[in-house]
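Visitor: TrEMBL lists these features:
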{"type": "BINDING", "residues": "Arg284, 309-310, 323-327, 340-347, Asn361", "note": "FAD binding site"}
{"type": "DOMAIN", "residues": "1-30", "note": "domain '4Fe-4S ferredoxin-type'"}
{"type": "DOMAIN", "residues": "35-58", "note": "domain '4Fe-4S ferredoxin-type'"}
Amino acid sequence: MGVIIDKELCIGCEQCVDACPFDAVEMKREVPEVSDACTLCGSCADVCPEGAITVPEVERAQDDRAAEAKGVWVYAEVRAGQMPEVVAELLGQGRRLAEQLDVELGAVVLGHGLDGAAGELFAMGADVVYAADDPRLADFNDDIYCQVLARLIAEYKPEVLLAGATSIGRSMIPRVATAAATGLTADCTGLAIDPEKRLLLQTRPAFGGNIMATIVCPSARPQMATVRPRVMKRGELRQGAQGRLVTVSLSDEEKSLTKVLEVVQSLEENVNLTGADVVITGGRGVGGPEGFQLVGQLAEALGGVVGATRGAVDSEWIGHAHQVGQTGRTVAPKLYVALGVSGAVQHLVGMQGSDTIVAVNKDPNAPIFDVAHYGIVGDLFKVAPAMLSRLKQLRGQG
Ligand SMILES: Cc1cc2nc3c(=O)[nH]c(=O)nc-3n(C[C@H](O)[C@H](O)[C@H](O)COP(=O)(O)OP(=O)(O)OC[C@H]3O[C@@H](n4cnc5c(N)ncnc54)[C@H](O)[C@@H]3O)c2cc1C
């Protein structure tokens with residue numbers, strides 16, 4: 001059933017037209033008409049001064065979910081027995097959000113052989129840990145992981161759920177959002193709280209990275225967001241911190257339809273870009289695959305790894321595993337050196353959290369200089385060798 005408009009009460013003020021975030025309300029013969037673009041969000045009914053608009057109760061029941069929901073949760077993924085760094089980063093951010101909302105910070109961990117995981121999560125900032133340790137969860141499997149997490153959401157009703165935009169998160173979390181009948185904002189680069197409405201403000205690049213959009217999930221709960229590794233800062237480690245452990249048992253019905261027979265390591269080049277302290281990136285300015293030898297030499301001299309722009313990757317000068325940016329990896333090293341990189345916004349979103357950015361570009365107006373702490377206007381084929389020889393000289397001096 002759609003939105004009901006009482007034509008007798010309507011005064012044709014058009015406030016509903018302006019309020020509709022989906023442009024679904026249009027005035028026709030001085031009366032609003034609602035198109036198929038309507039999501040029954042209720043914004044029109046909220047602004048109508050005459051109470052002429054009614055949104056079906058079944059959908060408005062979402063508001064009750066918002067009123068009931070409490071707590072910020074982080075999904076703490078476990079990969080090959082280890083929790084990746086993004087879990088600590090999400091708990092760091094989760095703590096800031098939980099403090100603003102004045103609620104507990106929860107962590108959910110699923111797997112088998114999880115000894116010590118709860119302690120680690122308390123140390124990373126969780127107040128409460130929901131742990132399901134069961135042989136059926138030994139290997140990551142979307143369907144059973146999704147069933148268990150969705151059940152916990154239905155039972156405990158968190159208002160926010162954060163997860164890593166990792167291969168596990170990207171695979172499982174959209175299914176969880178669907179099962180929980182809520183929204184999900186993927187690859188957020190900023191998360192904040194609207195204290196008045198208790199809404200999670202989820203910021204991410206949109207329209208090919210040309211704008212930053214802040215997205216809210218006004219009524220369904222939990223408000224779900226994924227965040228890439230190295231986007232948020234991890235919190236202080238609270239060694240020995242204690243919290244509340246909730247042991248979760250699986251029901252007989254919770255089982256996977258598929259079975260993992262074997263886990264095979266990817267043969268693709270494995271570049272630890274996200275964890276690196278030093279990243280030396282080459283862009284199209286390096287001129288070809290041979291230009292990356294110079295980039296590699298500088299990376300080696302500084303104990304770092306080689307990054308690349310999409311421009312260089314698309315030109316097939318280097319593999320995608322090296323790509324930094326919106327469709328590559330997000331990095332936040334101590335030192336980021338950009339050689340022949342123009343600084344397109346899609347590149348910047350993947351590296352502007354770096355502590356120190358050094359850019360070398362022959363174009364003084366290149367946008368990379370807007371984010372660089374140190375900018376060198378010049379030919380990288382002169383500047384990079386000069387850097388290498390200075391490094392050698394300094395090392396020679398001990
Ligand atoms: C949806 C979408 C997603 C994208 N995702 C990504 C992404 O994840 N990562 C990414 O990087 N890009 C991404 N892009 C592409 C992005 O828009 C740019 O096209 C790309 O970053 C440009 O790469 P570049 O800086 O290497 O090349 P260019 O823009 O061609 O810049 C080359 C630079 O090198 C300088 N130069 C040339 N020769 C020299 C020299 N000898 N010495 C010094 N400087 C020199 C030039 O002045 C120039 O500034 C995406 C685009 C879209 C639409």
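Quick reminder: no glycine exception, Cβ is built from N, Cα and C everywhere.
Because TrEMBL annotations are produced automatically, they should be read as predictions rather than curated entries.
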Visitor: Val341, Ala344: which of these binding-site residues has the sparsest Cβ neighbourhood within 10 Å?
Guide: Ala344
Visitor: Please classify the secondary structure at Gln323 (FAD binding site) using three-state DSSP.
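Guide: Its secondary structure by DSSP: strand.
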Visitor: For the domain '4Fe-4S ferredoxin-type' (1-30), find every same-chain residue at least 6 residues outside the stretch whose CB is under 8 Å from a CB in it, and list them.
Guide: 36-41, 43-56, 58
Visitor: DSSP helix, strand and coil counts for the domain '4Fe-4S ferredoxin-type' (35-58)?
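Guide: Summed by class, the stretch gives 7 helix, 2 strand, 15 coil.
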Visitor: Report the member of Gln323, Gln326 (the binding-site residues) whose C-beta atom has the most other C-beta atoms within 10 angstroms.
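Guide: Its Cβ has the most other Cβ atoms within 10 Å: Gln323.
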Visitor: Taking the binding-site residues one at a time (Arg284, His347), which has its Cβ surrounded by the most other Cβ atoms within 10 Å?
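Guide: Of Arg284, His347, the one with the most crowded Cβ is His347.
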Visitor: Between 0 and 100, where does the mean pLDDT of the domain '4Fe-4S ferredoxin-type' (1-30) sit?
Guide: 90
